[in-house]
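Chemist: Here's a structure for you.
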Amino acid sequence: MVSESHHEALAAPPVTTVATVLPSNATEPASPGEGKEDAFSKLKEKFMNELHKIPLPPWALIAIAIVAVLLVLTCCFCICKKCLFKKKNKKKGKEKGGKNAINMKDVKDLGKTMKDQALKDDDAETGLTDGEEKEEPKEEEKLGKLQYSLDYDFQNNQLLVGIIQAAELPALDMGGTSDPYVKVFLLPDKKKKFETKVHRKTLNPVFNEQFTFKVPYSELGGKTLVMAVYDFDRFSKHDIIGEFKVPMNTVDFGHVTEEWRDLQSAEKEEQEKLGDICFSLRYVPTAGKLTVVILEAKNLKKMDVGGLSDPYVKIHLMQNGKRLKKKKTTIKKNTLNPYYNESFSFEVPFEQIQKVQVVVTVLDYDKIGKNDAIGKVFVGYNSTGAELRHWSDMLANPRRPIAQWHTLQVEEEVDAMLAVKK
């Protein structure tokens, strides 16, 4: 029995032993994660093998990798920022409707726009409507009025003109006042002009001055009396406030005429251009020496038949209406733009320098007849405008020559100013 059972046991197949020996992966399929890990491991191993072949130290390779990554990130950042900026600009353009776009025409029209706006603001402050705006210029034409008198002395053939007073003059100065004076002259010759004294800071000056014109009664009817009110300006051209004209053939000289007349806007008469002259002034106080250098002239009036002139310059040193010294330049033939560069010196003590006048006259030389004056100008005591500035600059800069251009004036007008302002 024992032998039989033992024999059966030896004859039976070893099932359990076979089952334990078989591996699990032989009976179950591999998972996807495990396949990817194997591929990555192989790629990593291959990359490291190639990396070890490069003849660079590991730290250098790491630095190169970092720089490459930074470059890529920078490019991405710039691209994103540019896209966002374009979107913002488009939105702003749509919202604002192109208000920020200013062209050259807008810039050029800026001044005009501001001026128009200022006028509108003025109208708003005064409460004017559009309909009233058209009538406003008529009210602005009120320039004040002037009282005068006229008489004729038949025994002495003299026209007597009295300038009595002015009233309601407009304010032309910054302080809300004016410095008025009156010019009186006869047309058409304008040879003799008179001026009243300047009354400072007033709109209602009282003059009470009389002027005399020597005119035969037979010639008086063809003349017109002009009375013009000016605002005196020490450092620039005097502004005309207004004027009026009185034809002499409309005046009854059988009695004295005295009346008020409203001032009207002055007619813009084109003054005959006589030319310009340039000269320098230099004063040395310690030596009492005044030096005048006549440099050049330009655009002189044509005096000769051929359309040219033979100009030369006279320089007079004057005080209290008296000629103290006289000098003159050489004659420049056939030219309207002469160049001189000639120097003249005068002895003027320091205590007298503010009391003298330098009168510069440009004349046309004539061999046969009288030398005709082209134009004239004076600097020094009682000068005004550009002439006063030139004189003041000379005194403010002793020992230094100060050159300046001056516009020539009619000889008779300058002589009248010199005679009145003694």
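Keep in mind that glycine also has a Cβ here, set from the backbone N, Cα and C atoms.
Owing to the predicted nature of the structure, the values given are computational and were not obtained by experimental measurement.
Marked as Ca(2+) 2 binding site by Swiss-Prot on the basis of sequence analysis: Leu172, Asp173, Asp231, Asp233, Asp239. As annotated by Swiss-Prot, Ca(2+) 1 binding site applies to Asp173, Asp179, Asp231, Phe232, Asp233. Sequence annotations record features per position, and here Swiss-Prot assigns Ca(2+) 3 binding site to Asp233, Ser236, Lys237, Asp239 based on sequence analysis. Per Swiss-Prot, the feature Ca(2+) 4 binding site maps to Asp304, Asp310, Asp364, Asp366. Here Swiss-Prot flags Asp304, Asp364, Asp366, Asp372 as Ca(2+) 5 binding site, drawing on sequence analysis. Residues or ranges marked as compositional bias 'Acidic residues' in Swiss-Prot: 122-134. Per Swiss-Prot, the feature domain 'C2 2' maps to 273-406. Annotation comment: Swiss-Prot describes Asn25 as N-linked glycosylation site. Annotation comment: Swiss-Prot describes Thr129 as phosphothreonine, evidence class a large-scale study or a structure entry. Taken from Swiss-Prot, the feature region 'Disordered' applies to 113-142. According to Swiss-Prot, the topological domain 'Cytoplasmic' annotation covers 81-422, on the basis of sequence analysis. Residues or ranges marked as transmembrane segment in Swiss-Prot: 58-80.
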Chemist: Report, as a single number, how many Cβ atoms besides its own are within 10 Å of the Cβ of Leu172 (Ca(2+) 2 binding site).
Modeler: 19
Chemist: How many Å lie between the Cα of Asp364 (Ca(2+) 4 binding site) and the Cα of Asp233 (Ca(2+) 2 binding site)?
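Modeler: Approximately 32 Å lies between the Cα of Asp364 (Ca(2+) 4 binding site) and that of Asp233 (Ca(2+) 2 binding site).
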Chemist: What average pLDDT does the predicted model assign to the topological domain 'Cytoplasmic' (81-422)?
Modeler: 82
Chemist: Specify the count of other C-beta atoms within 10 Å of the C-beta of Asp239 (Ca(2+) 2 binding site).
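Modeler: By my count, 13.
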Chemist: For Asp233 (Ca(2+) 2 binding site), just count the other CB atoms lying within 10 A of its CB, please.
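Modeler: Its Cβ has 15 other Cβ atoms within 10 Å.
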Chemist: Same chain only, sequence gap of 6 or more: which residues have a CB within under 8 Å of the CB of Asp372 (Ca(2+) 5 binding site)?
Modeler: Met303, Leu363, Asp364, Asp366
Chemist: Quick check for you: of the binding-site residues Asp179, Asp304, Asp310, which have their Cα within 10 Å of the Cα of Asp173 (Ca(2+) 2 binding site)?
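Modeler: Those near Asp173 (Ca(2+) 2 binding site) - Cα within 10 Å - are Asp179, in sequence order.
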Chemist: Reported as an integer number of Å, what is the Cα distance between Phe232 (Ca(2+) 1 binding site) and Leu172 (Ca(2+) 2 binding site)?
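Modeler: Pair distance, Cα basis, whole Å: 10 Å.
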